[in-house]
Amino acid sequence: MLSRWQAGGRHALRSFSSSASACAGLISNIGKQPITIPPTITLAPSPTAVSVKGPLGETSVPLMPFMKLTNTAPNTLAVSVENPKERKQRSMWGLTRTLIQNAIVGMTEGFTLPVYLVGVGYRAALEADPRGKGEGRSGQRLNMKLGFSHPVFVSVPEHIKCEVPLPTKIVLSCTDKHQLGLFAAAIRRWRPPEPYKGKGIIVGNERIRMKTVKKK
């Protein structure tokens, strides 16, 4: 009696792929989702970018030449690409859709991100920047005590709104989600959370995977 390997050959064991599963990888699950445009938002697409104007201001999202924007229904925008088989177009499909969606949310509601200072003696205060406004500065700075022998000063950019409702909590607001994340990361860099006691600067819903101390 011949075994399956001898009867069907090597290729008989590898005939499990289907054309349906191969085609499924050519569609961006994020990019194919339609975007709902609020009544307060005005979109003005061009060959190189799409302008988003709303109650909180105006911004633009760059567009690659192969990106396509179509209105499938009233107040509904669909994002597509010319050739989803190309890897670059497929990757930019979902990214462009996310950037447009974030721009719409930023121009209507804005983004808010809390930052927590966890540690004995850790605290922050918002004060006037001695250098004043200029060069991207808002004229305010954060004065933080993070366990060092000296305070840490971080200037607040002009496009970021900063509040300190509690000595251990900083609330950042901005219409640009990317710029908001960059500034929060700049603050976190001074005291990244450590995994043994959980002390440090925690951004948003960040969770720290704790480690146990090995006892001798």
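Note that Cβ sites are derived from N, Cα and C of the backbone, with glycine treated the same way.
TrEMBL annotations: computationally assigned, not manually curated.
Mapped onto DSSP helix, strand and coil, the domain 'Large ribosomal subunit protein uL6 alpha-beta' (136-202) counts 12 helix, 30 strand, 25 coil. The domain 'Large ribosomal subunit protein uL6 alpha-beta' feature in TrEMBL is assigned to 136-202.
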For the domain 'Large ribosomal subunit protein uL6 alpha-beta' (136-202), report the average pLDDT of the model, please. 94
